[in-house]
Ligand SMILES: Nc1ncnc2c1ncn2[C@@H]1O[C@H](COP(=O)(O)OP(=O)(O)OP(=O)(O)O)[C@@H](O)[C@H]1O
Ligand SMILES: [Mg+2]
């Protein structure tokens with residue numbers, strides 16, 4: 001597959017040069033992404049490529065800009081540079097339009113509709129899907145997160161922290177995304193539940209070819225479940241990882257733990 | 001005894017009007033986070049639209065849906081053109097804008113229709129009436145219309161997909177956008193629905209108060225008090241409070257000697273002050289979201 005086939009999005013000066021990488025064509029290409037809040041710059045040029053179905057961890061200290069990067073990708077903060085999803089430029093689009101293109105974002109703090117029931121939360125996630133597929137999608141999500149089944153008619157805000165986290169991920173999966181942005185989905189989960197959640201994510205990712213960007217504080221865990229990890233530091237994605245971990249290459253975003 | 005019953009029914013019908021306008025205030029605040037001081041004047045405008053249609057010879061039950069449709073569209077236009085600019089602002093800008101809108105609509109209505117007092121036909125059959133029971137019947141009619149309207153709103157919000165998306169926006173607009181809900185449209189629709197709900201209050205109260213540009217000023221004070229009881233969020237509390245205020249006002253005006261007709265307006269003001277004091281702080285007003 002060529003990187004720049006006919007009918008592709010017109011290239012701008014900021015697009016990465018064609019022909020980098022000889023693996024599968026990337027689903028997501030981020031180049032020179034800069035973003036911030038008012039005068040405060042947070043991201044200083046992030047480069048990133050993600051293939052369809054690929055699961056990549058993003059590590060990094062507090063305040064490095066991990067959340068800001070996900071927010072820029074989903075349209076919640078304005079970004080500059082270039083973010084191409086399958087050739088379509090995402091920057092400048094509203095979050096509700098970016099979701100329609102297949103990007104689901106589970107935000108830090110979950111972003112549930114607290115007064116609405118668990119079932120209603122899931123139905124809202126599915127509202128863009130064809131009506132005849134929603135029931136099947138709901139069954140899938142409840143099979144992945146069976147604890148939710150017992151609480152379907154309970155307000156989301158009254159779930160336990162871990163259950164809320166599962167609901168947030170479940171709701172995002174109801175949109176059947178091509179790219180899933182997960183901001184610390186393990187927060188509030190017991191270790192066993194965390195592993196179960198990551199198992200589900202990995203299974204969905206490979207089965208439905210959902211690419212995932214997983215922000216995670218627990219480096220060891222993230223590296224266990226993802227194919228590679230990036231480190232965000234002061235607004236840039238950098239080479240390397242925690243001391244002692246093997247580094248597979250010198251190029252950024254190629255840090256592969258030995259598995 | 002029959003007199004007391006009639007007073008209560010009349011109080012309830014007046015209260016239903018307050019409840020309707022209070023519901024409109026709650027709707028706008030739930031979706032836009034704004035206290036709409038112009039809600040009463042928009043309802044007055046709708047009443048004039050209805051009057052114009054009736055004047056052109058349309059029967060009441062044909063003029064009503066047309067008026068409601070005009071109100072929805074007009075409300076959405078107002079939201080899109082004026083309110084959208086101050087929606088994010090938490091403090092004074094929205095207040096200034098809706099107060100300005102209130103004054104503007106009032107003056108514009110005066111220019112177009114003059115401040116002359118007009119009679120507005122009562123839609124409920126006088127033929128059924130005998131003696132003092134006539135006001136009883138029209139009061140029951142008002143109650144019935146407001147009850148049907150609330151039932152429809154309830155069904156819409158609880159049992160339709162669009163209603164679910166609107167509730168999602170009210171609960172968390174950012175999360176709604178992340179779920180692909182076009183929040184801008186929902187905010188406009190909320191404003192339009194509030195205008196229609198207010199229009200019903202305006203059309204129902206016009207035969208009782210006579211139609212004139214200042215007609216809704218007093219009603220807005222009562223509706224405000226009722227909305228405050230519901231913290232500008234809770235539609236059921238606002239409706240119950242509206243009904244209660246109507247009854248309290250009617251009974252106090254008749255049975256409490258020193259209140260009389262002139263001091264009736266004390267009732268809602270007292271309610272506002274007491275509720276705010278019990279809530280400790282400004283939680284009952286726009287500060288709460
Ligand atoms: N709404 C905001 N307004 C202003 N500055 C912000 C805002 N949100 C985040 N910041 C700043 O941007 C920087 C990056 O924040 P961000 O939330 O992206 O970090 P993070 O890597 O996700 O950190 P953590 O691991 O603690 O979640 C921080 O310095 C933070 O103070
Ligand atoms: Mg963060």
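Don't overthink the numbers, they just go from 1 along the chain as shown.
Glycine residues also receive a Cβ, built from the backbone N, Cα and C atoms like all the rest.
Where the annotation comes from TrEMBL, it is an automatic prediction and has not been curated.
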Notebook entry, point to check: Quick one: which of B:136-157, B:158-179 does TrEMBL have down as transmembrane segment?
Noted result: B:136-157
Notebook entry, point to check: Under an 8 Å Cβ to Cβ limit, what residues of the same chain, 6 or more beyond the ends of the transmembrane segment (B:136-157), are close to it?
Noted result: 6, 9-10, 12-13, 16-17, 19-20, 23, 122-126, 128-129, 163-164, 166-167, 193, 197, 200-201, 204, 207, 235, 239
Check: Do the transmembrane segment (B:92-116) and the transmembrane segment (B:6-27) come close, with at least three CB pairs under 8 A (pairs 6 or more apart in sequence)?
Finding: no
Check: Can you say which of B:34-54, B:60-80, B:186-209, B:265-281 has the most Cβ pairs under 8 Å with the transmembrane segment (B:215-232)?
Finding: B:265-281
